[in-house]
């Protein structure tokens, strides 16, 4: 409608102009050499307008002829781009669907239509991966890693291929290169951090952890937990010096429920500040009762004598009076102080139904120390059939001691103090039989046999070496009650849970 109105307006203006010129007659004379041309005003204007039209048409035709090759090339490029986009779409759909033949055809078509295009190279690499052509995939990814715009994609592909081949060193190298080029890329930061922890490069892992927080790739709680575990591992490597003390105390401040950090902090603080060491143990015991915390508390030097250690154990147990570790810790200290009634009282709430192994062994030690040998073997038999106790478990494997890194997967902070898988089954042969023999009553000495009388002319037999002295039973060691000893965290020989 608007276009029609515009045409009507233009025609009206032209008609009005023509009428205006007609009402005002005039003549135009054009003289060239001996020739003269006389035109009216209307004829002159018409001729001038026609000349402009012809000139415009000639110019447009010339421009079209000049730009024709460029336009043809552009149209051909558009057709190739269209084919490439169609091939890429079909190819990535085929990769997602697992259609190897379709993915290969689409990759070939995409490379013909758009050779060297990043997406075409990526599709070709993925098709090679589907075919199991590791060399072809690596060549594609390596070529992509040479270009700045596809560097990260190429490095990620190379890292994935190395992981599939089990080449951990190459995988870690590509992960570090990707993280160095783009520290704000999540997968690169995660892979580089895992590489550092798997290789136990704790200083580098600390740097990468701080870098991940700076780029907002981890939340602050995750950063604090990671840093606490890493500082604990570093403090365990340099036990006793000032740097170890600083790291252990900082680790405890970042994660108060991290038992190994508290044990280390208490150990390094105790010689200079026993009160502060005791406060460290207490703050962690409130959150995570553990036998190593009892051992650390009783090892602090200002508690001298069995009675003083019993009093300290009772004070620590009062923080979590309902927990079984409180009962076992006080029972162990009471046994050392020969307070057998107190030891039995602490364990009494846990004797119903199926008490765990450590409770049974503790009762056997109490009965043996109190001279009630009749019930010792009964408790030892129950210990063999008792459910297992909590242990340090990482990736389904139970260990004697905590470690910062899982020996199975290299994952940081994989250890957890919990019941192993299948803990309801009897402990059976996995029980510490050496610990049990300490509370067994001594076997009677065999009767002496008189040597035969020597007959004349015989050579006397060589005197046999005397039998080794039997270890005197008693309450020399309380490790069975106290549980795992407090030590510098290190991986122990794994036992399947």
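Glycine is treated like the rest: Cβ placed from N, Cα and C.
On a predicted model such as this, the values are computed, not experimentally measured, just so you know.
Positions annotated as compositional bias 'Low complexity' by TrEMBL: 446-462 (among others).
Here TrEMBL flags 468-479 as compositional bias 'Basic and acidic residues'.
If you look up TrEMBL, you'll see 482-497 (among others) marked as compositional bias 'Low complexity'.
Look at TrEMBL and you will find 26-132 tagged as domain 'HemY N-terminal'. Across the domain 'HemY N-terminal' (26-132), DSSP helix (H, G, I), strand (E, B) and coil residues number 85 helix, 12 strand, 10 coil.
According to TrEMBL, the region 'Disordered' annotation covers 443-497.
Residues or ranges marked as transmembrane segment by TrEMBL: 43-66. Here the transmembrane segment (43-66) has long-range neighbours at 21, 28, meaning same-chain residues at least 6 beyond its ends whose C-beta is under 8 angstroms from one of its own.
Within the model, the domain 'HemY N-terminal' (26-132) carries an average pLDDT of 87.
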